[in-house]
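Asker: I'd like to ask some things about the structure below.
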Amino acid sequence: MEGLIQTRGILSLPAKPIGVRRLLQPSHGLKQRLFTTNLPALSLSSNGHKKFQAFQQIPLGISVSHKERSRGFICKAEAAAAGGGNVFDEGDTAAMAVSPKIFGVEVTTLKKIVPLGLMFFCILFNYTILRDTKDVLVVTAKGSSAEIIPFLKTWVNLPMAIGFMLLYTKLSNVLSKKALFYTVIVPFIVYFGAFGFVMYPLSNLIHPEALADKLLATLGPRFMGPLAIMRIWSFCLFYVMAELWGSVVVSVLFWGFANQITTVDEAKKFYPLFGLGANVALIFSGRTVKYFSNMRKNLGPGVDGWAVSLKAMMSIVVGMGLAICFLYWWVNRYVPLPTRSKKKKVKPQMGTMESLKFLVSSPYIRDLATLVVAYGISINLVEVTWKSKLKAQFPSPNEYSAFMGDFSTCTGIATFTMMLLSQYVFKKYGWGVAAKITPTVLLLTGVAFFSLILFGGPFAPLVAKLGMTPLLAAVYVGALQNIFSKSAKYSLFDPCKEMAYIPLDEDTKVKGKAAIDVVCNPLGKSGGALIQQFMILTFGSLANSTPYLGVILLGIVTAWLAAAKSLEGQFNTLMSEEELEREMERASSVKIPVVSQEDAPSGETTSQLSEKSTPTGI
């Protein structure tokens, strides 16, 4: 009886396995082997070389030819099958167990994708209600006007966003990811509930209207915007919190969590589809805003319609916020995190200033920041001009809010359609083309909107035949511009931006998202507001500065496209490196041995034996 032998290299298989197959009993056939109830599955685990290190001698009771016996051994798997035993160890079952699928998608993947889609639905439902409500609150309040918005974005929203980023960076170094998520989102839920049920009903008592009137009489009407911030400070705080909900909860909390639990392949397939549920929420939330706008109109003169509607809408916001927390808890409880390749360079914890210096020194993060800032400035240059026309066309708060509800619904429908097409764009053309579509759409539609404003006179007869005034036509064209730009942002720009974070190391990913999404997003909006303020002071009015705003828009979109092209090359390089690391890890985890040279038949080297026994007809 030959003993077990130790081998190294590549496994040498029998040159003619047919003879062995004849010796097997019917119960040892392929069908019985594959469908045996107690047969564990094959595993290519890291200890796989131990399974193949030893070769078992031929079982007693089996007659073999002299040629077969001259080999002196058969592999352990063959011997076990011939003897009716188990081929593999008991610990190998889990690795190759086939995961069940629904509609072609693994259940483990659906356990991540479905809750993430529901979370995005709830977050965007809240954001639409908050976004449509904040403008009506601050613009239609007593002693305020649309002039307050640029001052709010520049002098209130941006400082609070920077302060939040600094606090978030500190908390990210001391709190776990779960604790950080709850620590950030719970204050939003509490505030919006308190605003609807406490702060707004007491607004007449907590707003310093008498002091604001005295200061306005002393300083003059040109300071009406800054003084309005003090006059209606609780409404302005609501405005800022609504803005932060979009940048913090959507960009930092949700997308950071999604990047944490999804792989790159899952992201390419499902990130564009996350927005499907979100834009269904956009459609329904738009209808919700429209419903409450009509309800305010029908309540009668003696009832404060805003108080009634705010209580209802803030109750919905709080309920959706609690649902977000539950979904986050459920995913962390029942969904395993994907394993990622470890980065060779482990970055230590950094302070706030060190984090900012690191982010500024990274070309990758700078290009990402350029994308976010460029979008914020570009959309702001067009949107504020459009809102000034919208205010002139719909001066009533009820009409203004109702139009915004219709606008949100149309945006949801357009974005839903774009989401269906976006997966094809990513699959067919890749990340780079998808990242460049949004600036191209914004540029083309922006040119159309500004052209109608600047050259509206010649189009007046044609517009009159359509039953519209030039002002109403500008409102509708501006609405279309915003709808197409926002749908391109939600379906292509946001997924592209979030995919760009995935190949980064954990430290850059967390602090980079905080700096870009919380600071750069408001910086883009505030930058657009500063440009408009400068133009108004220089040329006397927003209308007089419109041609120059168009030129600025062209320059910013050009820089946006250049940054997208630069980021495309860096992203592809990082993805190639990460894929190479995964391949190397997989290759190093499996070691399959071969027959040692001393046991090879006389006159044959190990390499010759391996070559001779390698199957060629597979």
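Placed from the backbone N, Cα and C atoms, the Cβ positions cover glycine too.
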Asker: Going by Swiss-Prot, point out which residue in Ala77, Ala228, Ala473 is annotated as N-acetylalanine.
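Answerer: Cross-referencing Ala77, Ala228, Ala473 with Swiss-Prot, N-acetylalanine lands on Ala77.
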Asker: Quick check for me: are there 3+ Cβ pairs below 8 Å between the transmembrane segment (401-421) and the transmembrane segment (464-484), leaving out pairs under 6 residues apart?
Answerer: yes
Asker: Could you tell me whether the transmembrane segment (368-388) and the transmembrane segment (237-257) are in contact, taking contact to mean 3+ Cβ pairs under 8 Å with a sequence separation of 6 or more?
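Answerer: Result for the transmembrane segment (237-257) with the transmembrane segment (368-388) is no.
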Asker: Which range out of 148-168, 179-199, 270-289, 368-388, 542-562 gives the transmembrane segment (464-484) the most CB pairs under 8 Å?
Answerer: 368-388
Asker: Counting Cβ pairs under 8 Å that are 6 or more apart in sequence, does the total for the transmembrane segment (179-199) and the transmembrane segment (441-461) reach three or more?
Answerer: no
Asker: Taking contact to mean three or more C-beta pairs under 8 angstroms, with sequence separation of 6 or more, is the transmembrane segment (312-332) in contact with the transmembrane segment (110-130)?
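Answerer: These two segments touch.
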Asker: With Cβ distances under 8 Å as the criterion, find the stretch in 110-130, 368-388, 542-562 that has the most pairs with the transmembrane segment (270-289).
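Answerer: Answer, by Cβ pair count: 110-130.
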